[in-house]
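Working notes, beginning with the structure itself.
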Amino acid sequence: MSPLPTANGLPGIALFPRWLEQGEAAALFGALVDAVPWSVHRIHLFGREVDSPRLSCWMGDEGASYRYSGTRFAPHPWLPALADVRAKLEGQFEAGFNSVLANLYRDGRDAMGWHRDDEPELGDSPVIASLSLGATRRFLLKTDAGERHAIDLAPGDLLLMSGDSQRRYRHALPRTAKPVGLRINLTFRRVLPATR
Ligand SMILES: O=C(O)CCC(=O)C(=O)O
Ligand SMILES: [Fe+2]
């Protein structure tokens, strides 16, 4: 595999601007916004269970179940448009993906707080391919030492998080007061078989 373009020189973070060209990105956005069975996921926040501020859907292969608030959930089946994107990713990168978490940010109030994608079922050094569609939003990374980096993710941009990036940084998609339209983000992941 050829060396990956790093984003802002950050180890483990690679950015592929316009990985999908404009027309393709717009067509995929349009196909997903109506076809994905979106729902509000419940998340733990400061010891309480609350609605997450966005719509989500987990899709994947039959065996790629995931744990959420202590319960195991079966994924929704792949939509054909997403199976095509997966095939393109797998053709380009040395990684296999058996599931995708789709998030729909309805406006600037929808967001995702600081977190690491470090669930045990993702394994030690997961490769996570994050494709952005729709409105451009600012993505943030920060180290435990408090060093912050911002990347504006435009439609069609692909961000690859690999190596030790989940240990090195937390990441977030902050709220914004600017008027922004709908944004879809797809994180392709490989979930390892259930161990319990
Ligand atoms: O919306 C984004 O760009 C980030 C999504 C994310 O971090 C996740 O799904 O784990
Ligand atoms: Fe994440």
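Please read every residue number as a count from 1 along the shown chain.
Glycine residues also receive a Cβ, built from the backbone N, Cα and C atoms like all the rest.
Nobody curates TrEMBL annotations by hand; they come from automatic prediction.
Straight from TrEMBL, the features:
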- Phe46, Gly47, Arg48, Tyr66, Arg67, Tyr68, Asp118: substrate binding site (BINDING)
- 96-192: domain 'Fe2OG dioxygenase' (DOMAIN)
- Asn103, Tyr105, His115, His171, Arg183, Thr187, Arg189: 2-oxoglutarate binding site (BINDING)
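Annotated features taken from TrEMBL, shown on the structure.
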residue: Phe46; record: substrate binding site; CB count, 10 Å: 5
residue: Gly47; record: substrate binding site; CB count, 10 Å: 5
residue: Tyr66; record: substrate binding site; CB count, 10 Å: 19
residue: Arg67; record: substrate binding site; CB count, 10 Å: 14
residue: Asn103; record: 2-oxoglutarate binding site; CB count, 10 Å: 22
residue: Tyr105; record: 2-oxoglutarate binding site; CB count, 10 Å: 24
residue: His115; record: 2-oxoglutarate binding site; CB count, 10 Å: 11
residue: His171; record: 2-oxoglutarate binding site; CB count, 10 Å: 23
residue: Arg183; record: 2-oxoglutarate binding site; CB count, 10 Å: 23
residue: Thr187; record: 2-oxoglutarate binding site; CB count, 10 Å: 17
Using the alpha carbons only, what distance in Å do you get between Arg183 (2-oxoglutarate binding site) and Asp118 (substrate binding site) once rounded? 24
Rounded to a whole angstrom, what is the largest C-alpha distance between any two of the residues Asn103, Tyr105, His115, His171, Arg183, Thr187, Arg189 that the record assigns to 2-oxoglutarate? 20
What average pLDDT does the predicted model assign to the domain 'Fe2OG dioxygenase' (96-192)? 96
Cα separation, Asp118 (substrate binding site) to His171 (2-oxoglutarate binding site) (Å, whole number): 12
With every protein chain in view, how many other Cβ atoms are within 10 Å of the Cβ of Arg48 (substrate binding site)? 7
Spatially closest candidate among His115, Thr187, Arg189, the listed binding-site residues, to Phe46 (substrate binding site) (Cα to Cα): His115
